[in-house]
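Taken from TrEMBL as is:
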- 40-62: transmembrane segment (TRANSMEM)
- 74-96: transmembrane segment (TRANSMEM)
- 108-133: transmembrane segment (TRANSMEM)
- 154-177: transmembrane segment (TRANSMEM)
- 197-222: transmembrane segment (TRANSMEM)
- 243-264: transmembrane segment (TRANSMEM)
- 270-295: transmembrane segment (TRANSMEM)
Amino acid sequence: MPSLQLSLFYFLTNSFTLWPEAYSCNESMRLPGPKWPVYGIYLVVSGTFLLSLYLPCYIAILKSKSRKSPTYRLMLILGSLDLTALFINSILAGYYAFNGISFCQLPIFMFTTGAVTVGLWVSGCFASILMAMDRCAEVNPQFPLALLFRGRTFNYVIFLLFIYGMYAFLFTQPVIFSTQYHSYLYDPMIGNNPKIYLNYTTVVNNTLSTVLTTGMYFHLCYYLIFKFGYSTSMWLYKSKRQIIAQGIILTFFHASTSIIYEYVQFFPAPWWLILIAHISWQFSSGCLGIVYLTLNRTIRNSVVKMIFPKKMRLYFGWYIGTDEHVALEQAGNTLKTAGNAVGVGINFDSYFQN
């Protein structure tokens with residue numbers, strides 16, 4: 001069965017009508033489904049918390065002087081995708097779960113937001129792969145794919161990311177919120193054969209993104225641990241640990257979401273596994289905000305300066321930038337430049353330092 005008939009493109013080119021063989025609802029289906037108020041409240045509260053952490057980081061990245069660099073451009077793209085996804089998988093999904101909203105009550109709205117969701121997900125996967133490649137290129141000048149992040153080539157890569165996301169948005173099956181499992185699935189649960197809703201684009205996407213991001217971060221960790229060598233600099237030691245921790249966190253949530261959702265799409269799954277998939281997706285969208293605030297000193301300092309006035313920072317001893325340097329000098333401390341004992345060139349600036 002052609003997947004094009006289940007896509008947003010069909011809806012837009014057929015008088016804004018959903019394909020009746022896959023998405024038609026009779027009157028008995030237009031009633032609310034089971035309500036999960038506790039789960040709905042959890043999604044809204046946790047989603048609001050993640051958004052409140054991520055949004056200031058996104059603004060800090062947007063205001064950064066380095067925002068035109070490939071690394072920061074990828075961070076901005078991922079931030080835009082993640083913040084939108086968090087609204088859908090937390091705030092919107094929480095509203096659905098709390099009120100038991102079914103597909104047949106809001107078929108067109110759920111269909112279109114589901115198409116947006118698929119576009120966001122595959123674009124985020126692509127951007128995550130690029131981010132992993134960029135990190136490898138930053139720490140290893142000999143990384144073979146470093147050329148993708150130079151000059152005009154990077155603009156073509158970003159254009160390809162946009163085209164890929166638009167393809168998934170317009171020409172593949174959307175995910176639909178299910179009141180039976182209170183998660184986003186391809187099957188709207190209206191009595192049709194679930195096999196007609198299989199989305200093979202996301203199968204390929206999730207498989208490749210899991211393999212590539214895991215492989216890239218494994219390469220990154222291997223290079224930092226075994227190739228970069230030993231350093232007497234505590235700054236470099238902490239930076240290596242932070243990069244490795246960041247890679248592990250991002251890979252865990254991203255790979256977990258991809259693997260579980262593909263299992264659910266092809267095999268019968270218990271309700272709790274489907275909920276785990278949804279919560280994993282939620283944290284996959286929101287974990288970067290936590291990572292930035294805990295592991296990225298540059299962004300964390302920018303957020304603190306943005307939220308707290310200078311008088312308050314000085315009162316509590318939160319010295320940032322020039323304030324920190326002046327305070328340290330007044331205390332008789334001298335800042336020493338971190339050195340690399342093995343003499344290998346490496347750039348950590350994009351991740352942790354000004």
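Cβ coordinates are placed from backbone N, Cα and C, and glycine is handled just like the others.
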Q. Is the transmembrane segment (197-222) in contact with the transmembrane segment (270-295), using three or more Cβ pairs under 8 angstroms as the rule and ignoring pairs under 6 apart in sequence?
A. no
Q. If we call contact 3 or more Cβ pairs under 8 Å (sequence gap 6 or more), are the transmembrane segment (243-264) and the transmembrane segment (108-133) touching?
A. yes
**Q.** Segment-segment contact (the transmembrane segment (74-96); the transmembrane segment (197-222)) at 3 or more Cβ pairs under 8 Å
**A.** no
Q: Could you name the stretch, out of 40-62, 108-133, 154-177, with the greatest number of CB pairs under 8 A to the transmembrane segment (197-222)?
A: 108-133
Q: Sort out the residues at least 6 away from either end of the transmembrane segment (108-133), same chain, that have Cβ-Cβ distances under 8 Å to it, and list them.
A: 7-8, 11, 16, 18, 23, 71, 74-75, 77-78, 81-82, 84-85, 88-89, 92, 143, 145, 148-149, 157, 161-162, 164-166, 168-170, 172-177, 184, 188, 199, 201-202, 205-206, 208-209, 212-213, 216-217, 220, 247, 250, 254, 258, 285
